[in-house]
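K.L.:
The following feature annotations were taken from TrEMBL:
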| type | residues | note |
| --- | --- | --- |
| TRANSMEM | B:9-30 | transmembrane segment |
| DOMAIN | B:95-305 | domain 'ABC transmembrane type-1' |
| TRANSMEM | B:99-122 | transmembrane segment |
| TRANSMEM | B:134-157 | transmembrane segment |
| TRANSMEM | B:183-202 | transmembrane segment |
| TRANSMEM | B:239-262 | transmembrane segment |
| TRANSMEM | B:282-304 | transmembrane segment |
């Protein structure tokens, strides 16, 4: 990890959608970088902009309905400055995505094998037969039982866990440098969730790919992440190493979020829900978006955007209360 | 897949039998004694009685039905009261003429409808889409017998480009130039409604499919436009085939007005004549044949759908 240029870097990314009720500010100026082989978790409630951020990293947001500014650089290339055909070459080859609900993300009328093989044929100069053989290898790699038979299966003929494994196999088909996983375990049964998570962790370790995992589950973040970025109302309110952010959160939202989640070790503690509701993205306050729900709210919070403060341990916190490095 | 086809064919059998039962009942539901219709109101009693025995009307109804079924299976649909010729023969000729028209209208309407709807669905919300929607709305709204008459006035009477009615004379080749000239007006008139309906269905299906998550996933794995389009086509085709099948059925059965306007000697024309002449055997024959054709059409549609969509093979 001595490489000075990060694999992926995001600077001042903004995403706004035109809705019938006005302009929704889904992502509001976020910055982060991802090094080779690193696992970053984007953590937050639904509507905090995690999934939108992920899709923006593949330029998958609908062009007519969204307004995007800022800079996304992937392996040195400026994503939003590239022609569409070049972006299509990157998708699935350099960056690929595991979707939240494989039943919806897989084409219902093509077999699993065909869907994996067409991705390989799309990006590499191989024959269909060779692509089919690689598809089989991939299904074995994600531990789908009787993989050979499953090549011929349609998505509706598989269980939820198996479908997600197939989705992962599809995403890994061309050995991407970056894997984007959009709540990959949310749609699964609790028992299967852990298996899929362990599978992802093992595959990440084996291939050395970088992963951005979007989740609202702190357990998932604790289980997988090197670094964690907590999102609220389209902003990253705190980011640092997993240990820093999860064990000693500094931002009042992060503190509240972790306190309101039941997980191992905290079982006997009272579930402290954060009072209030997430803000309306079409009418964000001029000051800190979390201020209306914050127990430590001060006058300064409502005046303008809170500064991004770099703390002594190198984590970044978006709060007037954070103590800057000396 | 094979077992699905076998099952589906077996399902069609009771439906077909039901159709024959209904058509048979039609004869007995019609007002008056069927024998009187054949013999005429002034026939002497012994003639009526002889006819009754000759047609088997003295036998119990279930037995009569079996006799009828036996004749139908053997290709005997009775004799036309009006012309005295075998119904089967008249019907075969008329059906062939109707089929020519329906096929022509289907090709024109389906190609135009799919093209129009496909472009509109792919570019939903754009000017092209609105234009296509207006065109297809006009297509489904214009009364086609009126359109037929306007076309005749314009193309045949005013401009004298195309013949106004009928088929080319008997020995003209079926798809020769003369025949095509005769077909052009009725085919174009008939194609208007399926064009509109198919365009609307295709637009809705394509638009809805493009909104689905798997299209995003296809883009996310780098698939280009053409490949995405291929997936979309494959996904909408079962729905579209159902619409096409239904429309083709309507073209075959619902051409009475068009065939009357253009004096085209098809089943619709024959049906119209049979109704006015109270020619019951002909009426029965046409209804039976059109109904059985619908059964067959639905069978073909279902099998085609199952071939394209694996999820449909389970039921």
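Positions of Cβ are set from backbone N, Cα and C atoms, glycine also.
Each of these features: where is it, how hidden is it, and who are its neighbours?
P.N.:
Counting only same-chain residues 6+ beyond the ends of the transmembrane segment (B:9-30), those with a CB under 8 A from a CB of the stretch are 37, 61, 64-65, 68-69, 72, 280, 283-284, 287-288, 291-292, 295-296, 298-299.
Note on the transmembrane segment (B:99-122): residues 128-129, 132-133, 135-136, 174, 183, 186-188, 190-207, 210, 229, 240, 244, 247-248, 251-252, 255, 258-259, 264, 266 of its chain, located 6 or more positions outside it, place their CB under 8 angstroms from a CB of the stretch.
Residues 100-102, 104-106, 108-110, 112-114, 116-118, 120-121, 132-133, 135-142, 144, 147-148, 151-152, 155-156, 162-164, 236, 239-240, 243-244, 247, 250-251, 255, 258-259, 261-262, 264 of the same chain lie 6 or more positions beyond the ends of the transmembrane segment (B:183-202) yet place their CB under 8 Å from a CB of it.
Counting only same-chain residues 6+ beyond the ends of the transmembrane segment (B:239-262), those with a CB under 8 A from a CB of the stretch are 98-99, 101-102, 105-106, 109-110, 114, 144-145, 148-149, 152, 164-166, 185-186, 189-190, 193-194, 197-198, 201-202, 205, 268-269, 271-272, 290, 293-294, 297-298, 300-301, 304-305, 308.
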K.L.:
So what's near the transmembrane segment (B:282-304) in sequence-distant terms, Cβ-Cβ under 8 Å and 6+ beyond its ends?
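P.N.:
Residues 4-5, 8-9, 12, 15-16, 19-20, 22-23, 26-27, 72, 77-78, 80-82, 87-88, 90-91, 94-95, 238, 241-242, 244-246, 248-249, 252-253, 267, 270-271, 273-275, 312.
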